[in-house]
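Novice: Annotations per Swiss-Prot:
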type     : residues                                                                                                 : note
BINDING  : Ala62, Gly63, Leu64, Asp65, Lys66, Thr86, Asn139, Asn172, Lys217, Thr245, Gly268, Gly297, Tyr318, Ser319 : FMN binding site
BINDING  : Lys66, Asn111, Arg112, Met113, Gly114, Phe115, Asn172, Asn177, Asn246, Thr247                            : substrate binding site
ACT_SITE : Ser175                                                                                                   : active site, nucleophile
Amino acid sequence: MSYQLARQFLFRLPAEASHNISLKMLKMADNAGMLGMFMPQMYSRPVELMGITFPNAVGLAAGLDKNGDYIDGLSKLGFGFIEVGTVTPKPQDGNPPPRLFRLEERSAIINRMGFNNYGVDYMTERLRKKKYGGVIGVNVGKNKDTPAEEAASDYIACINKVYPYASYITINISSPNTPGLRALQFGDSLRSMLQEIKDCQERMNQQHGRYVPFVVKIAPDMSDDEVHMVARTLLDYNMDGAIATNTTLSREGVESLAHGKEQGGLSGAPLTKRSTHVVKELCVALEGRIPVIASGGVMSAQDAVDKVRAGAKLVQVYSGLIYRGPVLVREAAEAIGGLDG
């Protein structure tokens, strides 16, 4: 059955139910050995970045597999890397449903999930048991009830657990669905937290004899000056990379649609242009000294190419996968692989 046929069925269901059923179907197909029969071989054009060899430049963004339950099935879809999470130290339910909405007319999604996950101990066990041996990123966050001034302790608690299993770790300070989280992107709050996180990275490196890169995921809802300010701080603290961007609070172009005014972060096609602009500004500000991974509104191969031309070294997809299916992964990887240089 083609993805487009499956989508017709899945899109008749509420968005969160569709999400959960899709992942369970993927796991069943993988366990039955069926995915290899239907999925094309992964496109290979290796990218060397942060001391890691990525088989291709297209990865899965965090948010689809929050607990690491579906890594092995997702690995069959052609991704050059997979990012799981966001995971927090303690399990939490997230916000009450309904909390996930499709805006099909604009190929968009609004979510206010609120870091629902089973906690870092569960995630660590899933990472330990996975068969997938490729590049795995782990996206870490803070619990909702942890005060912002104590956020670093939550990130460090997660890092301490997942470090042995992660290829890289993403510090998520940009979700719009955890109160006060985005304030950590600026000023003394960011500097203080990054210092503690870098100290933790050094301890983990010494303890495990293995350096795991740390990247910071930023929001799209910043002025150019704010993007440059964040970039300077990332450089000051020798962060290994950045992901641009998370979801947006803007509702430009979707206000009149059903669910268009729901609270939460907007992703998909309406985010494409803004996210690419932030990627470009961030790359300029970072002066090529640390790499940028582009995420946000990658709905086509051309979108992926535009992100790379804006300066990104890798791209991630999520909403595009929901609307286009696995074909997007190969199309985007081939398009990036075909670029000169």
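Even glycines carry a Cβ here, placed using N, Cα and C.
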Novice: I'd like to know which of these binding-site residues, Arg112, Lys217, is least surrounded, judged by other CB atoms within 10 A.
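Specialist: Each of the binding-site residues Arg112, Lys217 was scored by Cβ atoms within 10 Å; lowest is Arg112.
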Novice: Taking only C-alpha atoms and a 10 A limit, tell me which of Arg112, Gly114, Asn172, Asn246 are near Lys217 (FMN binding site). These are the binding-site residues.
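Specialist: Near Lys217 (FMN binding site) by Cα: Asn172, Asn246.
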Novice: Which binding-site residues (Arg112, Gly114, Asn172) fall within 10 Å of Asn139 (FMN binding site) by Cα distance?
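Specialist: Checking Cα-Cα distances against Asn139 (FMN binding site), the binding-site residues within 10 Å turn out to be Asn172.
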Novice: Roughly how many Å separate the Cα of Lys66 (FMN binding site) from that of Gly114 (substrate binding site), to the nearest whole number?
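Specialist: Pair distance, Cα basis, whole Å: 11 Å.
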Novice: Check the Cα-Cα distances from Gly268 (FMN binding site) to the binding-site residues Arg112, Gly114, Asn172, Asn246 and tell me which is shortest.
Specialist: Asn246
Novice: Taking the Cβ of Tyr318 (FMN binding site) as the centre, count every other Cβ atom within 10 Å, in any protein chain shown.
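Specialist: The answer is 21.
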Novice: Between Arg112 (substrate binding site) and Leu64 (FMN binding site), how many Å separate their Cα atoms?
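Specialist: The separation of the Cα atoms works out to 13 Å.
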Novice: Cα of Asn172 (substrate binding site) to Cα of Ala62 (FMN binding site): how many Å, rounded?
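Specialist: With the alpha carbons as reference points, the distance is 10 Å.
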Novice: Please give me the CB contact count at 10 A for Ala62 (FMN binding site), counting all chains in the structure.
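Specialist: Ala62 (FMN binding site): 27 neighbouring Cβ atoms within 10 Å.
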Novice: About how far apart, in whole Å, are the alpha carbons (Cα) of Tyr318 (FMN binding site) and Asn246 (substrate binding site)?
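Specialist: Between the alpha carbons of Tyr318 (FMN binding site) and Asn246 (substrate binding site) there are 11 Å.
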Novice: If you count other Cβ atoms within 10 Å of each one's Cβ, which of the binding-site residues Leu64, Gly114, Asn246 has the most?
Specialist: Asn246
Novice: What is the total of other Cβ atoms whose distance to the Cβ of Lys66 (FMN binding site) is within 10 Å?
Specialist: 22
Novice: Measuring Cα to Cα, how many angstrom lie between Ala62 (FMN binding site) and Gly114 (substrate binding site)?
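Specialist: Here the two Cα atoms are 13 Å apart.
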Novice: I'd like the number of other C-beta atoms within 10 A of the C-beta of Gly268 (FMN binding site), please.
Specialist: 25
Novice: Just to be sure I understand the packing, how many Cβ atoms besides its own are within 10 Å of the Cβ of Asn172 (substrate binding site)?
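Specialist: For Asn172 (substrate binding site), the 10 Å Cβ neighbour count is 26.
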